[in-house]
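So the structure is just underneath, and the comments pick up after that.
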Amino acid sequence: MIQVLLVTLCLAAFPYQGSSIILDSGNVNDYEVVYPRKVTALPKGAVQPKYEDTMQYEFKVNGEPVVLHLEKNKGLFSEDYSETHYSPDGREITTYPSIEDHCYYRGRIQNDADSTASISACNGLKGHFKLQGEMYLIEPLKLPDSEAHAVYKYENIEKEDEAPKMCGVTQTNWKSDEPIKKASQLVVTPEEQRYLNTKKYIELVIVADNVMVKKYTSNSTAIRTRIYACVNTLNLIYRAFNIYIALIGLEIWSNRDLINVQSASSVTLDLFGTWRETVLLRHKRHDNAQLLTGINFDGDTVGLAYVGSMCDPKRSAGIIQDHNKLDVMVAIAMAHELGHDLGINHDGNQCNCGGNPCIMSATLNFEPVYRFSDCSRDEHWRYLIDNRPPCILNKPSITDIVSPPVCGNYFVEVGEECDCGLPAHCQNPCCDAATCKLRPETQCEDGECCEQCQFTRAGTECRAARSECDIAESCTGQSAECPTDDFQRNGQPCLNNNGYCYNGTCPILTNQCISFFGSSATVAPDVCFDFNLQGQGNFYCRRERARIFPCAPQDKKCGRLFCVKGPIGNTISCQSTSSQSDLDIGMVDLGTKCGDGRVCNSNRQCVDVNTAY
């Protein structure tokens, strides 16, 4: 028998106050004081945990009763979540804190289908919720021996800086109506639809730089709390794409920065990506890393990321300026940059997300936004279908979730066969939401080889070959998962011996020129590649931090790519391309044939194909 325990904190709700008040979010001109009433349902005789898996609070907003339903974000941290900081003498200190009973929740408002909530219950209720299409914030009032909270609209916060905030990614906007038309008519095969429907998981590392440490007066608890709140909101936003984000690591550069963090965002992103590839990945497994910095980037830029780079060792990264007192605004900037990593471009004027500003607008708006546009959805789907980033299909092991298992949190944990959320939210006919067990006569609930709750017939293609260097995978008939992506051996000749296979592709100079300059483009004469011997400007083979290194004569076709657009006349026109936001754009792809029996390796050297792999 379940006994309902009503814990009444206070039934009063005071009207809006006449004077302004200074809260954590800034100076608020119009607010309401409420005393939330907590309703707890526990079995008779049960011991109440510090932070329950589900909670319900009642209070009034604008004189109307509001019921806030909360459920703990159980997948917020991975089992091997770690925190790294540095001693005054520079020693790395890594700990694995126990965070099973954390206090971060997502939720909704009762009887409001479009509502959302992201709340920290660590010390009172702090966070934000969407009610009847409007964004409200809630936080405890710092009064002794009081449970009073302030509730206020985002629009009632005095803005310290009215300048528009920008994403530093350039040249990604829709150029005309035509791409939008194509995106809205995206047609997928049944195999591709199964892939799109499959849950995706991103294991995230966040790095706080030394300026952040100074900004928060070396208070690691304050930094940790801010980042946890951001990731909690990030999860809420990406649920629309069936993507679940687990924080696997937090690194705080407490002693000094480990890269040269500077106001030039493109340089900082390049340095951070290189550090991620050469340092972070070697001691911490993860899918994506974001740098949260206290420095002010040049102009109005508050974030930058590579586009279409998820799972790439260097480029699966982004940088975010800690530009706003509100956690939610920083989280939205992080969601925007992560969207670029997931292949999403900036929205054009004809992109729509229901009349509100959208996540992928090039200008970060003055109000919190949660929705991706129709353009973003189709752009993301196209990226997934074309690139199949492998790391986001790695389901966390059922033992990898930090918190004790709970049915209804969307993560399959010990003792569960499926988890489609709470019964009121579950839309999966294969799963019994009340027990987190598969329904009778069903074999699966999700996966590229799961169709109508049954394993797909053996031999059914679940991942098509993307090139002659790739291998198609087929369902086994014994599992809901598509077998591991495999491809032809590296170094195998391809495209009529014009190239050699490399990680499932056949990179050749001609196709790289066409991708940059159009179908009439061809590879430039050898004399153009002599620019790479100079080691100046954009013409080089290797780059380490701020230094660039010229190509050796035998390696010149492994540096900057040179092309000719259109027929070659009497005058040689050497064309190349580069990008401030991604310094690797315009370089010859790794694995490209640079001579008979020779390919470009990771050091941009032209080496024997038999020894390269």
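The backbone N, Cα and C atoms fix where each Cβ goes, and this holds for glycine too.
Of the residues Asp114, Asp287, Asp312, Asp470, Swiss-Prot places Asp287 in the same Ca(2+) 1 site as Glu203, Cys391, Asn394. Site annotation (Swiss-Prot): Zn(2+) is bound by His336, His340, and the candidate from His323, His346 recorded at this site is His346.
The record in Swiss-Prot lists a disulphide bond between Cys558 and one of Cys506, Cys513, Cys600, namely Cys600. The recorded disulfide partner of Cys563, taken from Swiss-Prot and restricted to Cys494, Cys501, Cys506, Cys513, is Cys513.
Proximity to Cys375 (disulfide bond), judged by a C-alpha distance within 10 Å, picks out His346 from the recorded positions His346, Phe411, Cys436, Cys453, Cys541, Cys600. If you take the C-beta of Cys541 (disulfide bond) and look for same-chain residues 6 or more apart in sequence within under 8 angstroms, you find Asn532, Gly535, Phe549, Pro550, Cys551, Ala552, Asp555, Lys556, Cys558, Gly559, Arg604, Gln605. Separation of the C-alpha atoms of Cys600 (disulfide bond) and Cys462 (disulfide bond): 32 Å, rounded to the nearest whole number. If you average pLDDT over the domain 'Disintegrin' (404-490) in this model, you get 88.
Among the recorded positions Asn394, Cys407, Cys482, the ones whose Cα is located within 10 Å of the Cα of Cys475 (disulfide bond) are Cys482. Look at the domain 'Disintegrin' (404-490): DSSP puts its residues at 0 helix, 15 strand, 72 coil.
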